Structure formats: C-alpha cells, structure tokens
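Colleague: So TrEMBL lists the following for this protein:
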type    : residues                                                                               : note
BINDING : Leu105, Thr106, Phe133, Pro134, Ser135, Asp136, Asp218, His221, Tyr243, Trp274, Asn302 : pyridoxal 5'-phosphate binding site
MOD_RES : Lys244                                                                                 : N6-(pyridoxal phosphate)lysine
Amino acid sequence: MTFQNSLEFAKQLDAEDKLSKYRQEFHYPQVNGKDVIYFTGNSLGLQPKRTKKFVDDVMKDWRELAVEGHFYADKPWWDYHERLATGLGRVVGASAMEISVMNTLTVNLHLLMVSFYRPNNKRFKILCEEKAFPSDQYMLQSQVRFHGLDPNETIVEVKKREGEHYWRTEDIVDKIKEVGDELALVLLGGVNYYNGQVLDMKTITSAGKSVGAFVGWDLAHAVGNVELKLHDWGADFAAWCSYKYMNSGPGNASGIFVNERHLNKKDIPRFEGWWGTKKETRFLMQPEFDPIETADAWQLSNPPILSVAPYLASLELFDEVGMNALIEKQRKIVAYLEFILKEIDKEVESSFEIITPSERGCQLSVLLHGEGRALFDYLMKNGVITDWREPNVIRLAPVPFYSSYSDMYNFGQILKQGILQR
Ligand SMILES: *Cc1c(COP(=O)(O)O)cnc(C)c1O
C-alpha cells in the first residue's frame, strides 16, 4: 500500500479499520482538553472502561459476603485466577494447564529460577542479552551469587555487533553452541525493551534445548504484542507483567508459563506454598504438599483478587478481538508511523534513525540526531505521551486496541512543529 502524509488519508485508514471501535473501550488522559496521543502502552497500557466493573464487583462481594466471598462470590476468589488460564494460553501459545497468574514479574522470575537454574560444577552458565532490562540483570546476578558463583564468570552476554543496533540471531545461536555443555540456562527478553526488536524465539529456544540448557523467556514487552507459541517452540518457562500491552493496570498480577513436561512433578525444585497444593485437599491443612497438576503448583499465596480482576477484564478484550487481528493492525499502523517519520524527516531535514529492526512489534525506537530533551518536553506539552531515553531516543508504541491512524498523522505534525520552532 502507498501511504500518504495527509489527515484525509489517515482518516480513510481509520474508517477501514475493523478495530477502530475499540478506542471507545479505553480512557484517555487529557491535555489541553483533548485525548492525548498515547505512545507508551509499552510501559503502562490505558485503562479499559470495563475494568471498573470487575473491581467494583470484588469490592461488593467483599462488602456483602466478607469471608464467604472465597466460595460464594459471583466469581469465587479461591479459584478466581483460573479464569485467566485459557485466554492467556491463547495469547502466549500454551494450554491452560501451562499458565498461572500470580505475584509480579521479577518475583516470578526469581521463583522460576529456583526450578530452572540448577547449576552444577560442569553446567552453570547463563546466557542473556547485553544491557538486558535492569531488573532482569539484578535478578540474574543475585541468583548467581545466591548459588555461590561469580556473575562475571557465569553470565554470558550476547553483544550487538559494532555499529549495529540489534542482535543477530546467528550470533545468539553461535554463542549458545560455544558455551555448549556449560550452559545451564538461556534467559532473554522476547522483545527488547530498548530497541523494540523481536528475537527469533523459535530458533533460539531450539538452539538452547539442543545443547541441553533450560530456556526461559521474559515476555514483558512481548505478551499481547507479538505472536507467541511457547508450547510449540518448546520453551521451558516464561513470565510476563500484565500492565504493558495487556492493560491490566499499574503493578498488577504477572503471568507465568511452565511447559507441560515439567508439570505434575513432586521432585522438581520449587518454592512452595498452600495455593500450589491440590484444591481438593488444601483445606484439610495437611503437612504434605500435593502439587496441583498445572502451573498453579508454583502459586504460593491466595491471589490478590483486586490485582487479578483488572487483568481478567482486560483479557476479555483480547479474547474478543484475538491476537491475529491485533497483529494485523499493528503491522499496518507501525508501518504508517514509520512512513510519517520518514516524511517529516525529509521536510525538516533532520536525521531520524529508526533503530528498531524489521523484526518488530508495536514499538519503534527512534534516534533523533541533533535533538534534545526540549523536543520531548514540547511533545508532552502538546499532548503526545512518549518516552525519552537519554541521550536522544524516543520510543513510540502505537497500540492496535487504541491508537488511530489519525494519531500517527497528528503526531507527525506536532513533531514537525517541535523541531521547526527550535
Ligand atoms: C517492564 C519490565 C520488567 C518490570 O518488572 P516488574 O517486576 O513488573 O517491576 C522486568 N523486565 C522487563 C524486561 C521489563 O520490560
């Protein structure tokens, strides 16, 4: 399709967009009395309007039923989280039994490391990407030290090539082969938070498995954004937060995937709590742990219902629309944004450099050569919410649920003004 940098053309695309009606399902912050152009769904997704009812229902059940809500609420609390397993399975490519919803992302990564990072004298190394998200780095380093090992000798980082802004699959695979039978674990971000690159999870998972390592994925930026087939790829485990593309609200419950091959085992190393033991016998309060046959065996505590309810509300929207339709719109709207950026670049004779490779999801990371923070401040003041990374990268993530083609066009105009008035 040939794009045009005009409001008329953008409006035409909106009119043809089957998902445009979902805009009405979300609340928008206001700047100068207007809905903002929201590019930070990769950081915190907008609030779905239907979320309030899900939360209100829990408040009502608690008010009217108190402890009885555990069993007699409309959606009883004791198995509330199970309602997400099937829908989330569809989003990440897994069966319901491989999914659980609990805690928060970094906590879950730590818990999964207990099961899937089991270093011995021979096999102890961990492979990750250079400059991984800080929380993941801290998590890995502290796990390594916890096992009495030295992070410098244990964590192997795959680097980008000199002068390049992305990782090459062959470099990751070669590194996996090089570390070979010393490799205990591959743990990478499926979509990189900084450059927006989607890694070839299928190829990398299979490379890791072929040298005998466990393979896990941090899907914080991938879930609800790109196609995932965790089960078919053969990943051992994965974890994600739900507040980015999945719109569950700040700090709300995280999801995990544990491959079927690791389920229903009593001898797997795992930190355990009463919500991981079989429901049928849980309230007999017996001393022996009897693991649930699903990924719920990793549950420790009774779930924070007020944190899970918004996730369920938002998942309903994903169920309604489906990942295929979201990805289809994503490809087109991101391509349109890329086109707009290049047009504006020509008009203002600036030099934008899109550092996101073609393997991408919603996010474009753009190096604005010669521009500074003042431009970011201008955008924010004019109703464009983006995210600025020093020294001069903006990350722009149109989200198929709630971003419009007109947003892309209008953003281009505001960006142009911001650069010209400098
Ligand atoms: C957003 C993000 C996190 C956040 O972790 P929390 O435990 O939810 O605060 C961790 N890792 C990556 C890669 C992320 O993108």
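Using the three backbone atoms N, Cα and C, a Cβ is placed for every residue, glycine included.
Could you give the neighbours, burial and distances for every feature on this list?
Modeller: Around Tyr243 (pyridoxal 5'-phosphate binding site), a 10 Å sphere centred on its CB holds 25 further CB atoms from the protein chains shown.
Taking Cβ-Cβ distances under 8 Å and a sequence separation of 6 or more, the neighbours of Lys244 (N6-(pyridoxal phosphate)lysine) in its chain are Gly41, Asn42, Ser43, Leu44, Gly45, Ala220, His221, Val223, Gly224, Asn225.
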Colleague: Would you mind checking how many other C-beta atoms are within 10 angstroms of the C-beta on Phe133 (pyridoxal 5'-phosphate binding site)?
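Modeller: By my count, 19.
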Colleague: Express in Å, rounded to the nearest integer, the largest CA to CA distance found among the pyridoxal 5'-phosphate-binding residues Leu105, Thr106, Phe133, Pro134, Ser135, Asp136, Asp218, His221, Tyr243, Trp274, Asn302 named in the record.
Modeller: 32
Colleague: Which state, by DSSP, holds Asp218 (pyridoxal 5'-phosphate binding site): helix, strand or coil?
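Modeller: Where Asp218 (pyridoxal 5'-phosphate binding site) sits, the three-state DSSP reduction gives strand.
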Colleague: Got a sec? Which of Phe133, Tyr243, Asn302, the binding-site residues, have CB under 6 Å of any ligand 1 atom?
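Modeller: With ligand 1 as the reference and 6 Å as the Cβ limit, the list reads Phe133.
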Colleague: Which residues of the same chain, at least 6 positions away in sequence, have a Cβ lying under 8 Å from the Cβ of Asn302 (pyridoxal 5'-phosphate binding site)?
Modeller: Trp77, Trp78, Trp274, Trp275
Colleague: List, in sequence order, the same-chain residues at least six positions removed whose CB sits under 8 Å from that of Asp218 (pyridoxal 5'-phosphate binding site)?
Modeller: Leu105, Leu109, Ala132, Phe133, Asp136, Leu187, Leu188, Gly189, Gly190, Ala238, Ala239, Trp240
